[in-house]
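Enquirer: Just lifted these from TrEMBL, have a look:
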TRANSMEM  36-55  transmembrane segment
DOMAIN    110-246  domain 'Peptidase S54 rhomboid'
TRANSMEM  119-140  transmembrane segment
TRANSMEM  152-170  transmembrane segment
TRANSMEM  176-197  transmembrane segment
TRANSMEM  204-223  transmembrane segment
TRANSMEM  229-248  transmembrane segment
TRANSMEM  269-286  transmembrane segment
Amino acid sequence: MGNGDLERGTTTKNRNQSYAAGTYDMEDSDSQWTSWLVPMIVVANVAMFVVIMFVNNCPNNNNNNNGDCVAKFLGRLSFQPLRENPLFGPSSSALEKLGALEWDKIVHQNQAWRLITCIWLHAGVIHLLANMLSLVFIGIRLEQQFGFVRLGAIYLFSGIGGSILSSLFIQRSISVGASGALFGLLGAMLSELFTNWTIYANKAAALFTLVIIIAINLAVGILPHVDNFAHIGGFLTGFLLGFVLLVRPQFGWSGRQHRPAHTIVKSKYSVYQYVFWIVATILLVVG
């Protein structure tokens, strides 16, 4: 551990071997962070959705103007009529009670806490499943590589960034911002690729794959009842946070211990990494 990457528990020798083999992969290292925060976030989101449906109580609160409740065998947890919510979820009033994003309440009633609470709300089962599957696919990899503190910070602040942009552009209806936090992780993955460019062997392939994933997820925002402003705000926030929190030592760097005498010590970070870090920090503060 003397001249290794202490946070990630790998030695310089093993890290350089994995660089030479091709695109850097966390699985090539001796050890990695154990992912526990992402599973906890999934559990929290599922539990919150159950609470929303319990509060919604479609059998008692539905006025039948839009049809009957869906999946009545669930009793109190049954869904609103599909005409009202095609995503198999609660009513707008139930989401509003539990902290959905609403511009008027945030600006005129001092309920800024909605910028955070809306991050944990989903509009329906389809919305929940899509987000949680994406979170597991993306988040576990990031947490294994960079740890729960940095992933948690990116997830939370990206969600808030998405909520802010959404509240600026959607002022006449409520919205939920769970997808903004997820898009922040996508943005962080892209900036991590840029700022750690030298450690990737197959740069074009990695960039192309990531851009395709981002484009597909943004295209989902065209669908009805999906808030693309939260997606964009979360993505931009995560993109900037990635430059600040996900910087790795450049290729060829090693610690000062146990190095041969009269060797040139390579800088741990390159100039462009410092530039990215400074610019991203300024933009985050301004944003």
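Here the Cβ of each residue, glycine as well, is placed from N, Cα and C on the backbone.
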Enquirer: Restricting attention to the domain 'Peptidase S54 rhomboid' (110-246), give the mean pLDDT.
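Expert: Per the prediction, mean pLDDT sits at 87 for the domain 'Peptidase S54 rhomboid' (110-246).
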Enquirer: Using a Cβ cut-off under 8 Å, which residues of the same chain at least 6 positions beyond either end of the transmembrane segment (36-55) come close to it?
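Expert: For the transmembrane segment (36-55), the nonlocal Cβ contacts are 74, 76-79, 89-90, 94-95, 97-98, 120-122, 125, 128, 131-132, 135-136, 139-140, 143, 148, 151-152, 155, 178.
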